[in-house]
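Taken from TrEMBL, the feature NAD(+) binding site covers Gly29, Gly30, Gly31, Leu32, Met33, Gly34, Asp52, Glu117, Lys122, Ser144, Asn168, Lys300. If you look up TrEMBL, you'll see Ser68, Lys75, Ser144 marked as CoA binding site. The domain '3-hydroxyacyl-CoA dehydrogenase NAD binding' annotation in TrEMBL covers 24-209. Feature annotation from TrEMBL assigns domain '3-hydroxyacyl-CoA dehydrogenase C-terminal' to 211-307. Per TrEMBL, the feature site 'Important for catalytic activity' maps to His165.
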Amino acid sequence: MAFATRQFVRKMTSSAARAAAIRHVTVIGGGLMGAGIAQVAAATGHTVVLVDTSEDILKKSATGIEGSLTRIAKKKFADKPEAGQEFVQKVLKNISTSTDAASAVRTTDLVVEAIVENLKTKQELFSALDKVAPDRTIFVSNTSSLPIADIASSTARLDRFGGLHFFNPVPMMKLVEVIKTSQTSQETFDTLVDFSKALGKHPVLCKDTPGFIVNRLLVPYLMEAIRLHERGHGSKEDIDMAMKLGAGYPMGPFELLDYVGLDTSKFIMDGWNEMEPENPLFAPSPLLNKLVAEGKFGKKTGEGFYKMLQLKYF
């Protein structure tokens, strides 16, 4: 019994030490995902630097974070508005912004990249940061579709490179996919798992395969819904209703496609089709391609498969 207790304490101590190893976080990318990651990290006591290429983007990010925190505070401190204000200000004090990525990573423990889904752009970013960040610093990408190993290949820290795939909206969604490449060290992976838990998230282990777990299952499902509609086997309204009432899904596939972004879904599918052109699950959709070419991306443009006024979700 005493031995088991010592083992448990040792395990807990080791886990706490790994979590404490990440105190300073640099988030590259001030968009919706990057700002959400920065907010969650700051709210759990981490010192955060949010980096983007322009002050205008960072100002919008800061405004969005403050608005999100204010909404959380109103619910969390409904009967204590002053405590809510203190909560918001305390979290905001943990966040600073910068347009100089190289300077921001010089003393950081963790770099989280959340920029455009373009392999070359990500590789160029990490290659530059690899030259100035401390050797101990862990690099991760928030990519939803690109191979982590391909991104990591631009650096000399393959053992300290992994993936942390958060879900939108980051402050609300509990899941984080923690991706381990064939060269990610076990220590790095364990540290990322513990960091995810420190953020109040539920981490799941993923291999470095296309789409990891969620998108590997979700995106082909969404594409098959489009193909079903293209074949004339069901209207988008009936397909959405069938999946909500028959499968218990909160949103139908076409509603979800509009929420995620048709351009994003097309980008993911095009990348997978290029990697595995013979896989029928990754075949492109003429209808999806047409809508994207017309600039109908869904929620972000006001029209996709639906016009946003048609949907209560938006």
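One-based numbering along the chain as shown.
Using the three backbone atoms N, Cα and C, a Cβ is placed for every residue, glycine included.
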Legend entry - Cα-Cα distance, maximum over Gly29, Gly30, Gly31, Leu32, Met33, Gly34, Asp52, Glu117, Lys122, Ser144, Asn168, Lys300, record's NAD(+) binders, Å: 23
Inset, instruction - Just report the maximum Cα pair distance in Å for the recorded CoA binders Ser68, Lys75, Ser144, no decimals. - result: 30
Inset, instruction - Using a 10 Å cut-off, grab the number of neighbouring Cβ atoms around the Cβ of His165 (site 'Important for catalytic activity'), all chains included. - result: 24
Inset, instruction - Just jot down the residues in the same chain as Ser68 (CoA binding site), at least 6 apart in sequence, with C-beta under 8 A of its C-beta; none if empty. - result: Gly36, Gln39, Pro169, Pro171
Inset, instruction - Using all protein chains shown, find which of the binding-site residues Ser144, Asn168 scores highest when you count other CB atoms within 10 A of its CB. - result: Ser144
Inset, instruction - Would you kindly give the Cα-Cα distance separating Lys75 (CoA binding site) and Met33 (NAD(+) binding site), rounded to the nearest Å? - result: 22
Inset, instruction - With Lys75 (CoA binding site) as the reference Cα, tell me which of the binding-site residues Gly29, Gly31, Asp52, Lys122, Asn168 is the closest one. - result: Asn168
Legend entry - Euclidean distance between Cα atoms of Ser144 (CoA binding site) and Gly31 (NAD(+) binding site), Å: 15
Inset, instruction - Would you mind reading off the Cα separation of His165 (site 'Important for catalytic activity') from Asp52 (NAD(+) binding site), to the nearest angstrom? - result: 19
Inset, instruction - Round to the nearest Å and give the CA-to-CA distance linking Lys122 (NAD(+) binding site) with Ser144 (CoA binding site). - result: 13
Legend entry - Integer Å distance between the CA atoms belonging to Ser144 (CoA binding site) and Asn168 (NAD(+) binding site): 11
Inset, instruction - Other Cβ atoms within 10 Å is the metric here; tell me which of the binding-site residues Gly29, Gly31 scores highest. - result: Gly29
Legend entry - Ser144 (CoA binding site) versus Gly29 (NAD(+) binding site) - Cα distance in angstrom: 15
